[in-house]
Amino acid sequence: MDSIIVKGGTPLGGKIQIAGAKNAALTLMPATLLSEEPVTLTNVPRLSDIRTMTELLQSLGVEVSALKGGNVQVLSAHAAEETTADYEIVRKMRASNLVLGPLLARHHKAVVSLPGGCAIGARPMDLHVSALEAMGATIELKDGYLHAAAKGGLKGAKVHFSIASVGATENVMMAATLAKGTTVIENAAREPEIVDLAKCLRSMGAQIDGEGTSTITIDGVDRLGSASHAVVTDRIELGTYMLAPVFAGGEVECLGGRLDLVGAFADKLHDAGVDLSETPDGLKVSRRNGRAQAVDVTTEVFPGFPTDLQAQMMAMLCTAEGTSVLEEKIFENRFMHAPELVRMGANIDVQGGTATVHGVDRLKGAPVMATDLRASVSLILAGLAAEGETIVNRVYHLDRGYEHVEEKLGAVGAKIERVSG
Ligand SMILES: CC(=O)N[C@H]1[C@@H](OP(=O)(O)OP(=O)(O)OC[C@H]2O[C@@H](n3ccc(=O)[nH]c3=O)[C@H](O)[C@@H]2O)O[C@H](CO)[C@@H](O)[C@@H]1O
Ligand SMILES: C=C(OP(=O)(O)O)C(=O)O
């Protein structure tokens with residue numbers, strides 16, 4: 001398994017191009033199952049999760065043509081007749097569950113392996129299941145697979161989520177586009193990736209209103225057509241690279257970055273004493289004199305502080321002046337980076353869903369283990385600030401969500417290399 005070696009202490013300078021969003025692409029790709037006509041996606045990130053989704057869709061009969069090194073994808077589901085999403089592919093990635101809604105809507109049946117628990121929490125599917133049941137599906141768990149059927153097709157329904165789940169909102173939105181009648185989703189997730197999905201579905205001919213608010217209304221139509229859609233900027237990759245100069249010093253411009261994508265995160269950076277400005281091409285970040293200041297952070301659904309930036313923020317706060325309290329409210333087991341940061345000299349006390357970080361003067365390089373996607377990148381960022389060499393082992397999670405991280409950081413002056421193993 002590959003490792004990433006980082007030598008800390010070099011200030012950064014230059015520009016980093018931010019890619020299209022993994023979490024948007026992973027719902028836009030299965031959305032193409034809803035149409036018999038081709039859909040073109042541009043600004044697709046080059047990630048192993050995208051390759052996994054490609055493999056899954058191909059197993060369902062979707063023709064996927066990748067152009068420009070994968071940056072553009074043409075997906076055609078005209079001959080996609082298979083309705084079973086196999087465990088061997090689904091187990092690799094939670095987002096595989098996003099084929100459930102589209103398959104049910106188009107074929108009135110689907111057999112989808114449960115993705116299973118993962119490192120950051122249990123992540124059940126109950127909200128997806130009960131919402132699709134309210135739309136007329138019968139769903140049964142057998143042999144680790146959800147067996148779903150909707151004789152005569154799905155029907156519009158009122159769906160109220162007890163948690164504003166991103167994936168459940170996406171599955172129901174997609175399913176509702178071809179259902180008979182009107183579906184109203186209450187307490188819908190409001191993430192930019194939901195807005196992006198609605199935009200793409202609308203270009204395909206869907207009738208959707210209210211995306212970006214807590215109530216989304218979808219009037220079912222008979223069929224969807226073709227469309228071309230550019231994937232929204234990855235706000236998590238953006239936030240990650242915005243932090244890089246805070247760790248290493250210097251200044252970085254994140255091309256394609258927009259403040260509306262990272263509002264709550266940018267507010268915390270501002271409170272921590274980080275300089276942030278909008279430019280015609282993106283967002284520029286530099287660290288003001290000396291250390292960042294401690295800030296308290298609570299993860300929340302959008303527009304709150306994203307859980308997917310909590311690990312990176314914690315790493316930054318390890319060397320901030322003062323004590324910071326981080327509360328993780330979305331996933332019950334998302335502090336696995338903490339003991340690895342402690343190996344680098346951080347002072348962190350974790351009690352349940354709360355981590356208290358007492359800022360230290362500096363971190364020291366160490367061999368560390370990457371446990372999940374955002375934990376992996378938090379350790380790389382910590383390595384940029386640390387004295388000496390940090391070896392981040394087991395980085396396969398990283399490639400799920402970051403394209404060419406060593407090239408992007410290397411281009412702005414970081415001493416970073418990948419060692420194949
Ligand atoms: C591919 C993708 O877009 N992944 C993102 C998506 O994951 P994902 O869509 O899986 O996350 P959800 O918003 O569904 O999860 C939020 C919370 O709801 C719980 N829950 C969810 C569904 C359900 O049926 N029952 C239930 O209890 C989860 O366990 C979790 O505690 O949103 C998360 C929260 O912003 C992000 O961290 C992930 O990066
Ligand atoms: C948790 C994440 O992804 P996924 O939902 O695909 O596991 C993430 O992107 O940080």
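Numbers here mean position along the shown chain, with the first residue as 1.
Placement of Cβ uses the backbone N, Cα and C atoms for every residue, glycine included.
The UDP-N-acetyl-alpha-D-glucosamine site recorded in TrEMBL includes R123, P124, M125, D126, L127, D308, I330, and the single candidate from R91, R94, R258, R362 that the record places there is R94. Whole-number maximum of the Cα to Cα distances across the UDP-N-acetyl-alpha-D-glucosamine-binding residues R94, R123, P124, M125, D126, L127, D308, I330: 22 angstrom. Residues from the binding-site residues list (R123, P124, M125, D126, L127, I330) with a C-beta closer than 6 Å to any atom of ligand 2: none. Taking the C-alpha positions, the distance from K22 (phosphoenolpyruvate binding site) to D308 (UDP-N-acetyl-alpha-D-glucosamine binding site) comes to 12 Å. Around I330 (UDP-N-acetyl-alpha-D-glucosamine binding site), the same-chain residues at least 6 positions away in sequence with a Cβ under 8 Å from its Cβ are T299, E300, V301, T307. Secondary structure from DSSP puts K22 (phosphoenolpyruvate binding site) in a helix. I330 (UDP-N-acetyl-alpha-D-glucosamine binding site) carries neither a helix nor a strand DSSP state and counts as coil. Ranked by Cβ neighbours within 10 A across all protein chains shown, the binding-site residues D126, D308 are led by D308.
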